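Data block below; observations after.
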Amino acid sequence: MASSSSGGSIEIPLRDTDEVIELDFDQLPEGEEVLSILRQEAAPLHIWVTLALEYWKQSKPEDFVKILEASRTDASLDYANFEKDQMRSLDTLAAYYVQQAHKEKNKDKKRELFMKATLLYTTADRIIMYDQNHLLGRAYFCLLEGDKMDQADAQFNFVLNQSSNNIPSLLGKACIAFNKKDYRGALAYYKKALRTNPTCPASVRLGMGHCFVKLNRLNKARMAFERALQLDPNCVGALVGLAILELNSKTQESIKNGVQLLSKAYTIDSSNPMVLNHLANHFFYKKDYQKVQHLALHAFHNTENEAMRAESTYQLARAFHVQEDYDQAFQYYYQSTQFAPANFVLPFFGLGQMYIFRGDSENASIIFSSSLGKNSSYIYGEKAAQCFEKVLKAQPGNYETMKILGSLYANHSDQEKRDIARQHMKKVTEQFPDDVEAWIELAQIMEQTDVQGALSAYGTATRILKEKVEADIPPEILNNVAALHFRLGNFEDARKYYEASLERSKTDAQHDETYYSAISVTTTYNLARLYEALHEYDKADKFYRNILRDHPNYVDCYLRLGCMARDRGQIYEASDWFKEALQINQDHPDAWSLIGNLHLVKQEWGPGQKKFERILQRQATKDDAYSLIALGNVWLQTLHQPMRDREKEKRHQDRALAMYKQVLRNDPRNIWAANGIGCVLAHKGCINESRDVFAQVREATADFCDVWLNIAHIYVEQKQYVAAVQMYENCLKKFFKCHNMEVMMYLARAYFKCGKLAECKQTLLKARHVAPNDTVLLYNIALVQQKLATMILKDEKSNLKKVLIAVRDLELAHRYFTYLGQHGDRMKFDLAQAAAEAQQCSDLLSQAQYHVARARKIDEEEKEIRKRQEEEMEAIKQKQLSEQLEKLKQKEELEKKMLEQRAVFVEKAKKINLEPEPEDRPRKSGGKRSKRAEDGEILSEGSEDDRPRKKKKKRSSSMSGEEEEEGGEKRKKKKTKRRSKKDDFVNDSDDENDDRGDRKRRKKGRGEKKKKQKDEDDGLTAKQRRKIVSKAVISSSEGSDSDTRKKRLESSGSEREEVGVRRRRILGSDSEDGGGSRKSGSESNRSRSRSRSGSERKSKSRSRSKSGSRSKSRSMSRSRSRSKSRSRSKSRSRSKSAGSNRSRSRSGSRSGGEGNKSGSEAGRSPPRSNAVSDAEGSDRAAKSGSERGGGSEAGSGDERD
């Protein structure tokens, strides 16, 4: 069976014949007629589908549906590949149902249509599941259902894997990406579809325009919308898109163009919800609220899209809001929040405003107060805050939202909310520094936590008012500033602002007398409180009475007058004032609390308890924290009374604990309730637990005196008396300007328990000056005096003074106990016990004389011993004084003798004839060894500063006595000569005294090791010695070491008298030069052979000492020598100075071209001089060096036979 179509017609073959029926598409008969023909002739399925689509194209959906529905059962399937036509029929009908369901507004009908489409697609799945058209139809069906976007995406991907340029799949993927806010991806799919088929319909351009808008590429978006309009002039979406772009330009011309575009779109499709919503928005700003309501309501009923409906209801809500129809506005705002997507927060802002209004309309201005309970105002306020929190979450920096939230949270009972309010207001003031309202709100928020910050905020607000707004400061702000200064203790500033507020109120009363009169009354009351704080009670009383004269029902004035009377000690007058307040308001909690406190002060526990219970009986004040804590304190106070009934004591503990717990349930941060719980735990014996509670309370606040005292009590219970004493003393210093009798009693008790009875007594005496008539204090004083006196009397080491004081204290204690035993208060202590203590004092007094006599005897013995010791000490002092005078006298005689000797020495020195030194012989080249001249002199080969050298001679053991004497004299001269040369090098050093001290210590260590040294000859003949003349300059002044050296000279024997005289002469020269270098010879007859110190010396011979001073000398033989005490060498020499100083030197000689060397370890001994001057000329200098404690000298000359 075959069919063909040409020229807009279709042929239906007749059954069992070769004839056909041709139907022209332009003149199709009724659907029923065609349907009967198809059934009668059993036409193939593809003819049914083709005819159905033609009816669809001619806008005859009923015939379209009838034909396709009938084809499922009546069409012939007797031909090849009928499955594809079957799939086509099912998918086409299913697509129609999906399209109708999308347009349907009735949810039930929509659900029914979706069920039909689902059934058809399921049937098609069993025929050919992976047909592309079938998969595309199912994918779009999933898209329209809304919650099956992932399934649709999977099916589009499957189709694209088979055909990458499938346009329906690309457009479907673009829709999915757009809904997932992947605007770039959606744009890419649209572009690919457009490249695949450049003749795509206008809807593709429209989709691209929406993507460009989301990507903020507005110029591209405008081009896309314009291109869509070129392709389809009736494209409503493109018209709306261009209209929105024009309206957002916010110019008069662009707004006009935008409205014209919207009007054109409305003409094309008057039921398009997007067009209707934007027109409603336009007419809202034109204040044509009736049109707004009509258009928005029409849009709401013409869409099922929730975002569109949210926009429509929002337009309706704000139209009613601006017309002050708050009930309708609340209804539509709430409905809009139910439809609104997450990023559409404007309905929440309006709904929050409605909640605030509803709270105000019920006479409660969004004050979150836990004491008032969670009433409707509280609930509305919470809901309003939640709405604005959503707005702020979507737009974190929104100025209006932060400002409203700051106001809502300003007086919240939760501290965290108040902190949030402060943060919001700070951000508002940072964004808009000139917002006076924000600064005032911030100041009011900070009043509770940061008084100084609140003052600063008020200061900024007043400055803005003066400079920017150029307005007068309102009296309310002046009153608030004054109140803050009052809290800070700035009473004079507070007075100034209160008076300014009163003046401003009088001036502004002309505009609104009632309002400003009320402000004036409040300010006057605050000024009276200020005078009360300044102790100007007459002025305060006058202001309170003036207020009561004009406003007799001002209860607070009665209460303050009563408090002033109470502070003066006039309890009954205070009670009368409080009762006056109760006549005005019988349920005033403050009045009942003050009366109850009067009873508690008088220890009338029962009446006081009833007053607080009366407060708690009222529903409004059933959770009053002050009354609950007061009742807890009453039950706690009963535990301090002597009680033998353990059951009753436990019952009172439980009642007190229950009161404190109830307060903490209502207010977890109540420190007074927590402190009370700690006290109950301490009474129950839970010391560690109570200490933990007190520690937490103290961490919460450091200005709570009771918790300090309780911690100190815990220390006493734990026997940590030192810590308890410290805590009591700190409490006195921190919280009390003068002595507090109660705290001082606690302190005395701590001293008593730790055994410090003297400190305890002093503390109690100070407390008695505060309360001289307190019998308990008197009892404690008597008891401490008794204990202290008993301890002193029993101590056998107590002196007479302490014993007499103890006897006196014992007599006083006896008198106190006797008085207290007869006239004491039975409610405070046991009178019988006082009488027993008096009897004990009497017994101790009977033994007092014995203790006094014993102490007096001990005191007399001690006085006698001290007298003898003083006499012995005086005798010793006299003896020491006489010895010191004798030594001083001897010292003066010695100094006088030395001065005389020095004068003689100076006189002799002036008579010395100076002779020229012998000229040096010219140096011979090539030789380094010394040579002997014809006259017996030793000459050295060297530079310009050549010096004669001595030659050591070996002595035979058969030397005669005269030779020994002469040899000894020569050794002395040689030793003094060496020391003189050493001084020439060392005296420039700053460490001379240290070197001398080191030499003395070494000499002392070797003092017991006296060994004979070989006699050493200076190697000069008498003729050579006569040629050498001393050139030393002698000074008469004394050096710093003159006394020591003089004593050393005096101790030498008579055989060295002449040598001693020479040493003193050189000593005078050393003192005059101050340790500097010495020169021999006169200036007119100076020798070429000289010895210099420091940098003037041009020799290469070096000498080191421990102190770091160095000297250099150069000899003819370029010999190098270092001296060291206690050294070893091939030849030894020993010399002895007048002061018994010893030194050893080591000299080593070598023959040959290298010259002679004498070495020792470097840096181990004081500096030594290596230079040798003319024998006779340097003799005196050598003696002077020996006298200055010199050491040995290591000669560098060659030793010859």
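Placed from the backbone N, Cα and C atoms, the Cβ positions cover glycine too.
Nobody curates TrEMBL annotations by hand; they come from automatic prediction.
Features as listed in TrEMBL:
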COILED    858-909  coiled coil
COMPBIAS  911-923  compositional bias 'Basic and acidic residues'
COMPBIAS  970-980  compositional bias 'Basic residues'
COMPBIAS  986-995  compositional bias 'Acidic residues'
COMPBIAS  999-1012  compositional bias 'Basic residues'
COMPBIAS  1049-1061  compositional bias 'Basic and acidic residues'
COMPBIAS  1099-1135  compositional bias 'Basic residues'
COMPBIAS  1136-1149  compositional bias 'Low complexity'
COMPBIAS  1177-1186  compositional bias 'Basic and acidic residues'
REGION    911-1201  region 'Disordered'
REPEAT    202-235  repeat 'TPR'
REPEAT    310-343  repeat 'TPR'
REPEAT    475-508  repeat 'TPR'
REPEAT    521-554  repeat 'TPR'
REPEAT    555-588  repeat 'TPR'
Secondary structure composition of the repeat 'TPR' (475-508) [DSSP: H/G/I, E/B, coil]: 32 helix, 0 strand, 2 coil
Beyond the flanks of the repeat 'TPR' (475-508) by 6 or more, those residues with Cβ under 8 Å of it: 440, 443-444, 447, 451-452, 454-455, 458, 461-462, 516-517, 519-520, 522-524, 526-527, 529-530, 533-534
Beyond the flanks of the repeat 'TPR' (202-235) by at least 6 residues, Cβ under 8 Å: 171, 174-175, 178, 181, 183-184, 186-187, 190-191, 193-194, 241-242, 245, 268
Counts by DSSP class (helix H/G/I, strand E/B, coil) across the repeat 'TPR' (310-343): 27 helix, 0 strand, 7 coil
The repeat 'TPR' (202-235) [mean pLDDT, rounded to integer]: 93
